[in-house]
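Structure record follows, encoded as structure tokens.
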Amino acid sequence: MPAVWPPRTVIRKSSGLRTLESALYRAGLGPVAGVDEVGRGACAGPLVVAACILGPNRLESLSALDDSKKLNESERERLFPLIRRYAVAFHVVFIPSVEVDRRGVHVANIEGMRRAVAGLAVRPGYVLSDGFRVPGLPMPSLPVVGGDAAAACIAAASVLAKVSRDRLMVAMDQEHPGYGFADHKGYSTRAHSAALNDLGPSTQHRFSFINVRRLVVDGEPGQGGELECGKLAVDVPVDMPVDRVLREGQLSR
């Protein structure tokens, strides 16, 4: 029986992004998958969750990996194809805003993490998640506080999720003009709030968020028309048209 790991751990950044993964591989618990999400705090657009396995060896091509929120856009875009090329396996899940409303952000996030791990072409022996415990996984897992800045596989998942969501929000800006999705990516900013006040919510907004819900008149959304019901978690490629996001496809390897 492998050693029982603590229920939650903090890894110092100075110890290196591969320290925890290397320890797990040495203990015979690999392959090690990292899982992370982006879009929890946005009031529009999907919640995006990615899982990624990098393998036991350090790759110089991915030496710039860091928490995707600390990398600038050009650095994330440069790393995105490299991660897809060198990863042993990865899988990205998009959870539509209507399901975030229906299930709640936390429940949708945990379900998305399970789906992302289940979608990996290589079954991991261990899963590292960024901060959140993920119940229901068929393999041992460990939530790591600040994991996207402490474990390379989580950092890679963070970049995959962030770039995938950002690209989708840019495309969504074309289908729902006026909100500025390409700029703020669905997060609450002064410009986004002003657009919401002028246009009302679209079908891509999260009606469970108070700043959106207060603008709904008689339960009807604004510019976007009727709310569309989607599946709980739909896996889509980053270049798929937004009108197909809720229905089909996948981004994985």
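Placement of Cβ uses the backbone N, Cα and C atoms for every residue, glycine included.
Features as listed in Swiss-Prot:
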type: DOMAIN; residues: 30-221; note: domain 'RNase H type-2'
type: BINDING; residues: ASP36, GLU37, ASP130; note: divalent metal cation binding site
Problem - Additional residues around divalent metal cation, ordered along the sequence, whose Cβ is within 8 Å of the centroid of ASP36, GLU37, ASP130 - result: VAL35, VAL38, VAL49, ALA50, MET113, SER129, GLY131, PHE132, GLY147, ASP148, ILE154, ALA157, SER158, ALA161
Completion exercise
Counting Cβ atoms within 10 Å of each Cβ, the densest environment among the binding-site residues ASP36, GLU37, ASP130 belongs to ASP36
Practice task
For the domain 'RNase H type-2' (30-221), provide the mean pLDDT of the predicted model.
Solution key: 89
